[in-house]
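See structure below.
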């Protein structure tokens, strides 16, 4: 078993490893011009986030009077945090927890459903396989946001709007996840291993759970992260599905705070609260991507090569 | 290796064919059970809403008589609705201008990183990707502040240099400002897809070219870019889908630039306003349905066009690798 597992892992990672050795070829010259140009490009992507970080340390007045891209005025980060978590009876905590719940549940569910379907498409030859997989591929083209309105109409008929289910269930569908899992399963799970487990008397579900899932690691992380981001960042669906602000995720909540700040003409000190809230809301995802980069980058690699 | 299929067969040399059929049936049943949960939500969350929207779009609600079957009246209204057509054309312009810039930048970054000639490539890759993790809502809020004419840092810098105050939020500039937000959000994501494809090209494909003295630009143009065509096509299709369903950006910019962002600035924003401001649910459903069709047709047409070109290229050069 173990030797097979390593073999599978090596087959998937092999081309990459060979290339990586080449990247350190001492004969290759590093280009200073290219380095400078690239890092200038990076500045464009980072400066807005830098601005967000800097601004979350300013009070409402310093926000409007000091230079945006550098610290100024008093260091009010902790005061801002305190306001953020106490404004309207601490509803921001609620929004944060809602987002974690919706995105977490949707991502776990979407990953599991995609893994099961993708594994079946890759490893079983059942009647209707081709047609069903084509339907899945075709669904990648269906614009999910354009679908949100029809879903809302349906949910309101069923009386399911304004519940967490209205956000979680539609987010479980991930045709691209199924596609990625199929490609990855075909590569990473050797048929002989499944056959061997069958001979040993293991049931099909147990084989998937104990053999298949273990070899799907990077693909699982990839689908999980992208489903997580998709739900975490979704705005349209929760905006139309939810009425009570107790159920809002952070995106809808922040947009509402911002609208209040605009309406209040800035007199309520809400701008710095919105900015600090925006900053807090992006920290978890950035950390997740940083720590899991090894997995999602190799997972994406498989999907895009065969794409 | 514990067992190979051949060995497994040997272990039951006398197993009757009936037993094999039973196994096959058991496996098929397992396979259907594996795909069942996915297709259950697929059906209820994708197929049925689409059908329901299609059904609703055939009705009209009248002041007298309530809901009435109206055949294609909503669609006839939609294709004559200058607000809807205008929003589609606006997104068409958005697509033609913004997507080449975004994907071009992504490709440049991916090629530069793949060449291995830049210092800190790993950091570049992560930092450029980072905006993808930022929700569109937060990205738009943030850029909204950055664009601000009074205290926004862009205006502050422009004034300091003596360029006056640029008006990023005027009716004439807002589309460009939105393009910039979307570019900022998605260059990194597309870059990662292209970069992953580049890493998977077997290096012997261009080692020979390198030995022959081909420059990096030549290798990128003649070997690397053709090799990652599938990945590039994927990013174009994702961009078609993304562009035509923009919603968070216009709806949040509307708050700070109400005159520049009309209620039909993007098709999706229009459908939203029809449904929730005007309560014209049937008409909104037909707009959503039409929008879905437009996107599907565009992505399908694009795929078809690239496939045909590929086939022609293959027959001309006769060197399929």
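Glycine is no exception: its Cβ is also placed from the backbone N, Cα and C atoms.
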Seminar exercise, completed: Which range of A:131-153, A:246-268 is transmembrane segment in TrEMBL? It is A:131-153
Seminar exercise, completed: Range annotated transmembrane segment in TrEMBL (choices A:100-122, A:192-214) is A:100-122
Exercise. Taking A:10-31, A:32-53 as the choices, which stretch does TrEMBL tie to transmembrane segment?
Worked result: A:32-53
For this session: Using a Cβ-Cβ cut-off of under 8 Å, list the residues of the same chain that are 6+ residues beyond the ends of the transmembrane segment (A:165-184) and lie near it.
Result: 102, 105-106, 109-111, 113-115, 117-119, 121-122, 133, 136-137, 139-140, 142, 144, 147-148, 151-152, 155, 216, 218-219, 222-223, 226-227, 230-231, 234, 237-238, 241-242, 249, 299, 302-303, 306
Problem set entry | Non-local residues, at least 6 beyond the ends, that sit with Cβ under 8 Å of the transmembrane segment (A:215-235) | 5, 8-9, 12, 99, 102-104, 106-108, 110-111, 114-115, 118-119, 167-168, 171, 174, 176-177, 180-181, 184-185, 188-189, 249, 251-252, 255, 285, 288-289, 292, 295-296, 298-300, 302-303
For this session: Please work out whether the transmembrane segment (A:32-53) lies in contact with the transmembrane segment (A:131-153), by counting C-beta pairs under 8 angstroms that are 6 or more apart in sequence and asking whether there are at least 3.
Result: no
